[in-house]
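A short write-up of the structure that comes next.
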Amino acid sequence: MAASASSLALSSFNPKSLPFGVSRPASVSLLSPSLSFKLNSDSVSFSIAAKWNSPASRFARNVAITSEFEVEEDGFADVAPPKEQSFSADLKLFVGNLPFNVDSAQLAQLFESAGNVEMVEVIYDKITGRSRGFGFVTMSSVSEVEAAAQQFNGYELDGRPLRVNAGPPPPKREDGFSRGPRSSFGSSGSGYGGGGGSGAGSGNRVYVGNLSWGVDDMALESLFSEQGKVVEARVIYDRDSGRSKGFGFVTYDSSQEVQNAIKSLDGADLDGRQIRVSEAEARPPRRQY
């Protein structure tokens with residue numbers, strides 16, 4: 001199966017930006033729109049002001065949209081491409097164990113009590129249209145990210161305790177990855193895929209590449225658990241900076257689950273990027289020190 005994301009981008013009014021985006025139009029209505037046109041000698045400005053309402057919640061925002069068209073000598077206009085908003089990975093929260101009926105608007109409304117919400121994404125299955133049970137929330141500052149993680153990790157929403165994780169784990173979690181080029185994957189202490197569990201020692205694992213920098217262990221586990229029993233899910237981080245290297249590994253309980261994951265999730269959209277899923281190479285023999 002592939003995945004898609006329903007997202008909301010929230011910001012203050014800016015006449016040269018598109019501060020609000022919604023990819024699931026079924027939950028959006030425009031009320032009392034007003035249109036204005038301004039014609040100059042060299043350009044035409046077109047703007048729409050409207051109030052956005054979500055019928056699923058009381059969350060509402062005023063939205064301003066402005067597009068500028070440059071008029072050519074032949075009378076035709078070229079539309080300037082919109083500028084994409086980008087946010088630091090440090091401002092993004094992973095939110096797992098979401099109730100399947102919770103959409104981006106409801107999630108935004110919930111997290112606004114912790115600070116200014118810039119963007120919200122709930123991940124949906126592209127085929128069925130059903131929520132995958134997790135998403136991402138981007139706040140406007142690191143302090144708000146920390147406050148939201150503290151406030152909502154374990155928070156019960158519609159009978160389900162949320163799992164909220166802020167940013168990459170501290171570098172000390174990666175000690176098991178620093179004692180040799182590849183030997184850490186066979187270490188029973190703290191590296192990836194040590195002892196314990198039939199899947200961990202059997203090589204039933206997949207490589208997951210092209211990960212967004214905001215994806216962590218919990219996001220991987222939430223996505224890949226749909227294809228079978230996940231023994232371990234691990235994103236690989238740089239030892240010095242503590243930031244994601246953009247890839248990771250997921251270990252399953254059986255080889256059949258590995259094949260299911262490759263077939264269903266290779267090319268799936270996760271946090272705005274198409275992930276690459278393939279069978280991982282066999283671990284090298286454990287080194288003796």
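From the backbone N, Cα and C atoms, a Cβ is placed for every residue, glycine too.
Because the structure is a prediction, the values reported are computed rather than measured.
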Annotated phosphoserine residue, as Swiss-Prot has it, among Ser6, Ser47: Ser6
Candidate annotated in Swiss-Prot as phosphoserine, out of Ser12, Ser29, Ser57: Ser12
Residue from Val63, Val145, Val206, Val231 to which Swiss-Prot assigns N-acetylvaline: Val63
Residue counts (helix, strand, coil, in that order) that DSSP gives for the domain 'RRM 1' (91-169): 23 helix, 31 strand, 25 coil
